[in-house]
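S.K.: Got a structure for you, written out below as structure tokens; questions coming shortly.
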């Protein structure tokens, strides 16, 4: 499980932390959505500290599973995400973060990480069920 980068920092409020259901690595999926168009922009991962930073700064912070470090969206690219609201799903294992996205959300330069990568849906014949 990731640990706090700075032990002097505050922790996530207990009333929020108690509601989270983390995976074996201590992470929760965070779906990021444009607040006004409802477009899904990306999926990232958060631990308690990343969520605390997101809630306290108004900018989205993720925990990188590959680099094992925190990263705040836009610090390198300038394509920042300003938090409008955060909601926890009914199971407590996913967050919906509604943002005002400035610039592309995807590292490939597209508005959304889901742009242009369609998979054909499988439609079952209702009569064969």
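Even glycines carry a Cβ here, placed using N, Cα and C.
Got these off TrEMBL a minute ago, pasting:
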type: DOMAIN; residues: 42-114; note: domain 'Phosphoribosyl-AMP cyclohydrolase'
type: BINDING; residues: 89, 91, 93; note: Mg(2+) binding site
type: BINDING; residues: 90, 106, 113; note: Zn(2+) binding site
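I'd like to know what surrounds each of these features in this structure.
M.R.: In the three-state DSSP classification, residue 93 (Mg(2+) binding site) falls within coil.
A simple way to gauge crowding: the CB of residue 106 (Zn(2+) binding site) has 14 other CB atoms within 10 angstroms, across all the protein chains here.
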S.K.: State which of the following binding-site residues has the fewest other Cβ atoms within 10 Å around its Cβ: 90, 113.
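M.R.: 90, out of the binding-site residues 90, 113, has the fewest neighbouring Cβ atoms within 10 Å.
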S.K.: Compile a sequence-ordered list of residues in the same chain as residue 91 (Mg(2+) binding site), six or more apart from it, whose Cβ lies below 8 A from its Cβ; state 'none' when nothing qualifies.
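M.R.: When sequence neighbours closer than 6 are ignored, residue 91 (Mg(2+) binding site) has 21 within Cβ distance under 8 Å.
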S.K.: How many other Cβ atoms sit within 10 Å of the Cβ of residue 93 (Mg(2+) binding site)?
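M.R.: Step by step: centre on the Cβ of residue 93 (Mg(2+) binding site), count other Cβ atoms within 10 Å, giving 14.
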S.K.: For residue 89 (Mg(2+) binding site), write down the residues of its own chain that are at least 6 apart in sequence and whose Cβ falls under 8 Å from its Cβ; none is a fine answer.
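M.R.: Same-chain residues close to residue 89 (Mg(2+) binding site) (Cβ under 8 Å, separated by 6 or more) are 95, 96.
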